[in-house]
Structures are given as structure tokens and as C-alpha cells.
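The structure under discussion is supplied below as C-alpha cells; questions concerning it will follow.
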Amino acid sequence: MQSDTLLHIANFSTLFMCMVLKFPQIFVLMRAKSASGVSLHSLLLELIGFIVFVTYQMYYDYPPPTYLEYPILIAQDVILLLLILHYNGSLRQSLIYAFLFVGGWRLLTVEKWIIDLAMSFCTFISAASKFAQLQCLWRSKDAAQVSATTWAMATYTCFARIYTTMVTTGDMQVLVRFAVMTLLNLWVTLTVIYYQRASRSKKRD
């Protein structure tokens, strides 16, 4: 009974948090009218990882509460992508990205081995997205347009998904993915906080 309650809390808190997870980042970009410090490569890799992951879960008929937040996250990432392209002056590229993402998504379910192979690379793709954002921060040393709140919430949702996966499917690939994502999201969160505090200290000096 207690485990069922914890599972419901983990599922619904994750879903609720993911419904607004990208909003702080979206609002920061809209307010600043700049995408400085936000990695386009990181966002593209994250989108690929999300699409592969949710397609894998749906293909194998996993319980919807274990992946329901991913379509929401994908929609929010698309908004972020459009904002970044807009502020970088390359909005026309959005049509190319749309074609590639839709075509790639359709390709994933053509054969079982394709989705299985894609899922085996999913953790590496998602990890690469976090490292791309870290590299962008290290290079620019500017986290003014990066939302620590978004990254902190992402850390929580991945941590919660470790528990829900253990209780429901026990899929080792999924567990490893969430464990790695939890650590990397936390790393990005701490890096963003560090550079934001350093920036504020410089302004005071």
C-alpha cells in the first residue's frame, strides 16, 4: 500500500513538474531576447533522446504514467528550439529540423531492431546533450540566460523516474539512463548556479 502511494506521488509529481519544466528557461530567453549560454546542440540532442525514449516505451506498451511527460517535454523543447533559432537569426532552419525529426521518428518503428538499437544509444545521446550544455557554459562562462530552476527540476524528475522504473518495469536500460541523467542534470545545475553567482559577485565589485 505504501509503495503504491509512493509510486503515485512519484508519477504525478514528475508529470506536474514536467508540465512546467521548460517554462523558466522559456521565460528567461523571452525576457533577455538572447540565447547566449544556451546550447543549440544540447537541445537538439535532448530532443532526439526524448523522441527515441518515448517511442521505445510506446512500442513495448509500457504503462503510460511512466512516460506521459515526454510528449509534453518534446513540445516545450520545440518552443525552446524556435526561440533559440529566432534569437540566433536562423528561424528558417526550423523547417529542416522538423523534416528530420518527423522522418526519424517514423523510421524508428519500421523494424524492431531499429528501435532497440536506437534505445541502446539513447543514454549516450542524452548524456552528450548535457555535456554540450556544460561545454557551452565552460566556454562562455555566462549562465545569465540559463535557468537553474529548469535544470533542478529536470534533476528531480530523473531521480523520481529511477524509483518508478524500479517498481514498474525494472528495465535496466531505462534505469541506467535515468541514473546517468540525474547525475548530469545535477552537474549542469551546479555549474549554472556557480557562474550566476560569479557574475553577480563581479557586478557587485
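Cβ atoms here come from the backbone N, Cα and C positions, even for glycine.
Got these off TrEMBL a minute ago, pasting:
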- 6-30: transmembrane segment (TRANSMEM)
- 42-60: transmembrane segment (TRANSMEM)
- 66-84: transmembrane segment (TRANSMEM)
- 91-108: transmembrane segment (TRANSMEM)
- 175-195: transmembrane segment (TRANSMEM)
Determine whether the transmembrane segment (42-60) and the transmembrane segment (6-30) share at least three Cβ pairs under 8 Å, counting only pairs 6 or more apart in sequence.
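No, the stretches stay apart by this measure.
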Can you work out which residues elsewhere in the same chain, 6+ from the ends of the transmembrane segment (66-84), have a Cβ less than 8 Å from its Cβ atoms?
11, 14-15, 18-19, 21-23, 25-26, 29-30, 35, 38, 40, 43-44, 46-47, 50-51, 53-54, 57-58, 91, 94, 97, 157, 161, 164-165, 168-169
